[in-house]
């Protein structure tokens, strides 16, 4: 008791404005469900697992440190069948109308106490009854354990949905309807497609009253269709876009679709009741007799839910062991989970971050340490600590059996011990998501994002954090040099530029007819996708481009030039992105190409390597009108940048567009993007010349009480951004001088023109596929991501679908979005903890 009283000075109750982490360890993914429970420091309000109590206490200066301790258990409870029998109407998990979670099956039993760490006890922890401590300590403990915690909205149960949000159609308000129409019969047996005579999958045009067939969905177990409704829309000059699906009309509403090119999706008709009444239809008198297209997709999805997901009829058996640990979906975070699994599969990253390093100094905040947060996730994925218990996996495997009698039985509940162990075996990277998305307008939200853009951002943030250590930047594993040769057509002399990139962004060749079909939906979604070889994408990337209005320093005149890009180096690990998405030039909406790309597991890029330079060079010319100096003061307009990003374009490319057009406006920037999206360095990070910082920015930061040296270091670390620089200073207050030294003592980053191939890790361009990320959905801002990664010595792929991991029988190599290849001559020595 005396030790507790000696540590009471300065204790206070946590308020709603305090940042309290009471559900997860700061250094690991231990939680109150873990065997040792969770200890919450009453001074810092930071939780730690039993193995990290001493580390946390010493980081606070040692002496006596008091913790609130709580331990939770999962107790099975009876399940009602009502939730299981409820019809699912939305394609999603953990969303209204979608598939339920298993949270209803258990309740939580909690025990609470007070823990005291004292250096005089050789680092031991003394547990004290909650009732035996002073009233002040009880009040502080109660305020900490009852606090809402750090989770926020992303703490919600994993939820994702393949559907885009249904929005009102802009054509509904002033919809034209034919005068004196014939009324539709109330007898569904009399409904026929006016073009084909079909009796199913029928759609009523809300303007003309025409009844036509929908798209054919029989390939996926749905109804057949004649496309009559769409063909009628085309035949009437595309004037009447809104149609309603017959059989879905009821008092609760109906399914409405818009064929208009600028909508081309399911929509809401706020005046649907009035529009139906025009044809003699009273929704209240009808009952829903057929399924909406979303419900048909749900049926297909139900057949592939995790407990019985199949590849060509083969059921996938779940696994959970070191290197095959899943990640919790924090709400539209599957893009992040897939990227983290891909990076953790790189042996060098696994070896580098397999252990969490203790704090470097007192008052260190692990939540602001990107290196520590990366190690926290990578080490958990490689550890047996967070593997699901055998009983949990056995239950999942029982659900895969084909025994009909077994299927009639409700799933058995786990014992209290196994259920608690399963709940403790959870890796939910909340702190990492919060930290790495901190300064990004999109990644800081709970919305779905582009996995390739997040990967580039993640590596950039990590590289900045690694500047404060002596570690080799992780980006070195992926960085490669791209050589761009521009040859003057008149003089035949050339100019060379070498730029750095982390990802080979390949265009997917698609003819105009295919893009047109995506606009009009004439080619139904059930038709086979176009199939091409990866070689066609590589050839498209390497094809020569014509540069108009090129200023030649040799002829002192403008003319044409030919631009050629080649790989100057081959990195140890090659990231390759297939640009399956494009922007419809009519609607400016992102669309997805329905193309399968045959991607080989072994790849030889020798044909893309830059040949020796054997032609004459264009002379340097100070009057070269094509050169543009980009310095720290050149900043993209945030409003223009936001508009471009909302259309699904690469962030680095959007920044280049803003700067290249001098922030002239979204139209000019959009035109630049569409023209230059196939450039080799389009997606490469901008490398601003780190010369003298903007004096005004230095003055602003100095006015906050910081020295000019500290301001200069912060601006250098944040590429001249004042907002990010201020945040950088405040996040390094506990060791600001050391952080400034680390930044200012570095050699300035070279500009793209100063880069040389010798600056990169190079080798023979022969590669073996390590893994890939696939996307399901219409655009990268919606849908779902999964990763397939080779794990075993036999070259088997495993699927990583958020928390679920299983050996994959037929990985969809042709449908990937982001691929990771390992150079054939790259050898590493790794260690992986063995499962008990």
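Quick reminder: no glycine exception, Cβ is built from N, Cα and C everywhere.
On a predicted model such as this, the values are computed, not experimentally measured, just so you know.
Per TrEMBL, the stretch carrying the note region 'Disordered' among 566-586, 587-607, 608-628 is 608-628.
Considering other CB atoms within 10 Å as the measure, the emptiest surroundings among the recorded positions 193, 334 are those of 193.
As a summary of secondary structure, the domain 'UBP-type' (167-283) carries 21 helix, 21 strand, 75 coil according to DSSP. A straight line from the CA of residue 784 (active site, proton acceptor) to the CA of residue 334 (active site, nucleophile) spans 6 Å. When DSSP labels each residue, the domain 'UBA' (692-732) comes out as 28 helix, 0 strand, 13 coil, counted as helix, strand and coil in that order. The two recorded residues, residue 334 (active site, nucleophile) and residue 193 (Zn(2+) binding site), show a Cα separation of 41 Å.
The local packing around residue 784 (active site, proton acceptor), expressed as other Cβ atoms within 10 Å of its Cβ over all shown chains, amounts to 22.
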